[in-house]
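Presented below is the structure to which this report refers.
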Amino acid sequence: RMDQALLLVHNALPAEGLRLSALSAACYQCSPQLLAFIPASNGSSRRTSTAAVAVDTQHPLTLQLDGFSENRALCKIHYHFGESGNYSLEVKIQSGSTQTVSCDLRVNEDPINSYRPILFAFLVYTGILALVIAGHLLMKIDPVRNWVCKRLNPRETERVINSEPGSPNREDSPSSDLSCQRLWSSIPRQRLRSLDTFRGLSLIIMVFVNYGGGKYWFFKHESWNGKLHFPTASSSRFVFIMGTSVSLSLSSMLRWGSSKKKVLLKILWRSFLLILLGIIVVNPNYCLGPLSWDNLRIPGVLQRLGFTYLVVAALQLPFTGIAAENVPVSCMPPPALQDILPYWPQWVFILTLEAIWLCLTFLLPVPGCPRGYLGPGGIGDFGKYPNCTGGAAGYIDQLLLGEKHIYQHPSSSVLYQTKMPYDPEGILGTINSTVMAFLGLQAGKIILLYKDQHKQIMSRFFIWSIVMGIISAALTKCSKNEGFIPINKNLWSISYVTTLSCFAFILLLLIYYLVDVKRLWSGAPFFYPGMNSILVYIGHEVFENYFPFKWKMQDSQSHAEHLIQNLTATTLWVLISYVLYRKRIFWKI
């Protein structure tokens, strides 16, 4: 099967059976798990006893052979098996000795290179990118641009870029030739394309990962504590940029004459719709039958986004429209704190929320679990707390929502063999997602405060990234499992939030520099799904199991086929968003 190899264990010991166990290097504080029993060989016929086992190839394994009768450890082997490889492990008594046992591992059949499809896909998309860049450069040549514009007769879309999303009037549209010329000319932009590009990049990576990511382990969510792979952290970046957009959108709505009461009602309505869409449309799998409350999952990605948006937007609304020029010079905060001190009530609220998270996480008594437990349960922590998955976070969800209304197959169930349901979008983690969105809101405040002062904006992004990185280093002790609060996406730990915010500030800085400052990149193709993010996210969830986003494979155990299918589905959503953009269709909630 995929991510497995065949291991043939040959026991040549005449009077002793063997017990083969394995421990994955990715499983923290786990005991070796039994793989197979290998009976003793037939000493009279000198025939070895053989057992065939499938071993995992995603992470290095430590194989342990113990004598079954005398319960003694015979040997340990640390090895990283290759996918679809065929291996033999020979256990025998060394020649000239009656006590020393040798364990020899050899390769019968070489493993396949399961990463070759990724390289091929990278080369294909790089080639497409090169062609697009070449076409873009050609369109900057006046004769070429004039020739193309006369034949394409494209619709006028640049006014949509430079204005707030909506349904622009067509009465004042320029001629088709002028419209085409404007698309390829350097004209001032009112809308920050970097924000839509950042959002679209995060969204498209999220779509690819949700569709399976070619079934590669590094495109999957970490089992528990773990490294931050760029693809699997896309949802947190989406939360971050949502906070950034809140600051800009509220300012825009008030600038166009909307009252704060009307804006608040819009915030409430939008939050309600996001939560409703998550519960009714995205969460249920209608292929399994009609919607039933008995096992309906209540938490979810859209639900978390809806609640987070509600808190952050309502928190920012009273402070929107406060102009710095209206503040007396004597009351102005120091330049280094201009984006912090005027909003001190917000910081008090956010720090209070974080204090609540810390108290509940580390002080709430959880039946049958140690106080402050942050582990995965199952076989983790040497199997001492098998039903304590997530500690207080899991307990609160089960207590308030019910065991049947949360996610039933957490990412820890494979490696740590957890049996308890656990929801990575649960109640307690939503507190820290609000903190993440608030840090994104901070980026939006910086953009509004410094407006077109690019150096100041980028320097503030960099400073905030450094601050978040220092906090993360202190919380984690720069280690995977040994810190005060490990980085954990399932828990949405505060160290996860600060670490991802550190990277988000840096990524936003780079995109802002390339797209809006130097204009070296238009943001394509990520800009287009960024302009229709809700439609793309809901659409990819609803149509996940339908052609052309999914089809029956000839070999379901092939990374290559899964990668082709997942990349095709993701690319289709990029193309759909581009067509919608050209048609000026934007679904806003």
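Just so you know, glycine gets a Cβ as well, placed from its N, Cα and C.
What TrEMBL says about this one:
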- 191-313: domain 'Heparan-alpha-glucosaminide N-acetyltransferase catalytic' (DOMAIN)
- 118-138: transmembrane segment (TRANSMEM)
- 198-218: transmembrane segment (TRANSMEM)
- 238-256: transmembrane segment (TRANSMEM)
- 268-286: transmembrane segment (TRANSMEM)
- 306-327: transmembrane segment (TRANSMEM)
- 347-366: transmembrane segment (TRANSMEM)
- 427-450: transmembrane segment (TRANSMEM)
- 457-475: transmembrane segment (TRANSMEM)
- 495-514: transmembrane segment (TRANSMEM)
- 526-543: transmembrane segment (TRANSMEM)
- 563-581: transmembrane segment (TRANSMEM)
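At the 8 Å Cβ threshold, with sequence separation of at least 6, the transmembrane segment (495-514) comes into contact with the transmembrane segment (238-256) through 3 or more pairs.
Residues 164, 192, 195, 198-199, 202-203, 206, 263, 266, 304-305, 308-309, 312-313, 316-317, 320-321, 433, 436-445, 447-448, 500-501, 504, 508, 533 of the same chain, all 6+ positions outside the transmembrane segment (238-256), place their C-beta atoms under 8 angstroms from a C-beta of that stretch. If you look at the transmembrane segment (457-475), the same-chain residues 6 or more away from its ends with a CB under 8 A from one of its CBs are 339, 439, 442-443, 446-447, 450, 483-485, 487, 494-495, 498-499, 501-503, 505-506, 508-509, 512-513, 517.
The DSSP breakdown of the domain 'Heparan-alpha-glucosaminide N-acetyltransferase catalytic' (191-313) into helical (H, G, I), extended (E, B) and coil residues amounts to 91 helix, 1 strand, 31 coil.
Nonlocal intrachain contacts for the transmembrane segment (427-450), taken as residues 6+ away from its ends with a CB within less than 8 angstroms of a stretch CB, comprise 192, 236, 239-248, 251, 299, 304, 307-309, 311-312, 315-316, 324, 338-339, 343, 346, 350, 353-354, 356-357, 360-361, 392-393, 396-397, 400-401, 456-457, 460-461, 464, 468, 490-494, 496-497, 500-501, 504-505, 508. Taken together, the residues of the domain 'Heparan-alpha-glucosaminide N-acetyltransferase catalytic' (191-313) have an average pLDDT of 88.
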